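A quick write-up on the structure given underneath.
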Amino acid sequence: MLDLCFITGSIKSNAVFKGWPDMKTPCINSMRKQIQKEIYASTQYLAMAAHFATDTVNRPGFAEHFIKAAKEEREHGAKLVEYLSMRGQLTDTVKNLISVPTVEVAKWTGLSALEAAFKLETEVTNSIRALIKTCEGTAKNGEDNDYHLVDYLTGVYLEEQLTGQRDLAGKITTLEKMMGSQGELGEFLFDKNL
């Protein structure tokens, strides 16, 4: 059965529903910045993966590791976009939401790439913490606290970030030990098990 509004043509185009639970502007702006950080991290990891995939470097384990990391960061950005959409905050345009970042391209070693990844993950984690703090608000009565978003970020994102950082720290330690005892062969062997 067709909707009567559709038949009568009484639907307003581009109408914005006004009943959404309020998200405060500082929180929205911080979310937009976080989305961009996630996209930057994804692109940086793609650059690392491409480096390790070249025939002159030929470290397929590192390449695959960074492809997975790029996918994970891209998914984080997409989830934040979906969250803003769910909360009714993507009613205007998304063209100012995502820009193509400039990434660092280097001749990484396995160790330097893992250390750069750890640094990047730490920056993303600190950015999420700042986002949480912003969305907690400053009003003593809690009026500007976005409880749902804070809970979502703390429970989903922050835990995943910290787990990822711990994993990278372990990989760095293991690779350092392997290279300390076996030199460049250590990186080769590490790559095979990555």
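Every residue number used here counts from 1 along the chain in the order it is shown.
Every residue gets a Cβ built from N, Cα and C, even glycine.
Taken from TrEMBL as is:
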- 21-179: domain 'Ferritin-like diiron' (DOMAIN)
- Glu38, Glu73, His76, Glu121, Gln161: Fe cation binding site (BINDING)
Number of other Cβ atoms within 10 Å of the Cβ of Gln161 (Fe cation binding site) across all protein chains: 20
Glu73 (Fe cation binding site) CB neighbourhood, other CB atoms within 10 A: 24
Glu38 (Fe cation binding site): tally of other CB atoms within 10 A of its CB: 25
Glu38, Glu73, His76, Glu121, Gln161 excluded, remaining Cβ within 8 Å of their centroid (Fe cation): Lys37, Ala41, Ser42, Glu72, Val124, Ile128, Tyr157, Glu160, Gly164
Neighbour count (Cβ, 10 Å) for Glu121 (Fe cation binding site): 21
